[in-house]
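Chemist: Handing you this structure, nothing more for now.
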């Protein structure tokens, strides 16, 4: 169904063509002014990010419509099938049905496909969060419906029912006895109660006195024990200090003896090393003398052989 403005334009076109032409001219001028203003803002770089996105989307839509018109005209002229045309099969392309024109089965398949695409397009964080949420909901449902150990189902109410406090049967019997309308019994009960209260008060006072005496005796015993402990601690500390001082003196003496022994050992080692060095030096000198003597003997021997040699 056409809008009211479209119906009015059709009516004006039929009744007054000059007025309709004037309206079209005004619309063209207005749209031209808007286009010029947009071009100026793009050239100066005054567009916001949202306006840029809208502009790009509009350009893309224009390109898709132009492609669709081109392939439609080509198919009409050359009998080319629309399925093999390279036009993008988007929602607004002519090769796809709109959801309102689909049958119930097609609509169900289309909705399932769109849900699948939407689920696949989510980030890994969202997928894990949804998985955990589904697990938690499943556990809650299972716990709510699962039977307890006794075979009964758990109560799903938010607050548990509070149990009534039961009074003992003895107290109820006493209350019933007192509530009987007999003046003699009431007086007897009142006198008995007074005697019981006096006996209880005397017992409590006696217990308090005994407790106070026991407390004083315990405090005295505790003070004696503390004094004995302190004395024992002081004697132990004195003994420890004495043992520590004796151990320290022994350690110092042992250290001194070890140092003296080390010094003596080093001195003896040095003396032994000096003796060994001197022996080595003497051995070297004796070896050198022997070598010199042998060299002289060989020299004279070869000289004698050479001088005594006479050729043929």
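Using the three backbone atoms N, Cα and C, a Cβ is placed for every residue, glycine included.
Bear in mind that TrEMBL entries carry predicted annotations, made automatically and left uncurated.
Owing to the predicted nature of the structure, the values given are computational and were not obtained by experimental measurement.
What TrEMBL shows for this protein is this:
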- 81-92: compositional bias 'Polar residues' (COMPBIAS)
- 100-110: compositional bias 'Basic and acidic residues' (COMPBIAS)
- 120-131: compositional bias 'Basic and acidic residues' (COMPBIAS)
- 161-174: compositional bias 'Basic residues' (COMPBIAS)
- 193-210: compositional bias 'Basic and acidic residues' (COMPBIAS)
- 219-267: compositional bias 'Basic and acidic residues' (COMPBIAS)
- 71-271: region 'Disordered' (REGION)
- 290-309: transmembrane segment (TRANSMEM)
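In terms of burial and nearby residues, how do these features look in this structure?
Modeler: Under 8 Å from some Cβ of the compositional bias 'Basic and acidic residues' (100-110) lies no Cβ of any residue in the same chain that is six or more residues away from its ends.
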Chemist: Summarise the compositional bias 'Basic and acidic residues' (100-110) by DSSP state, stating how many residues are helix, strand and coil.
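Modeler: So the counts come to 9 helix, 0 strand, 2 coil.
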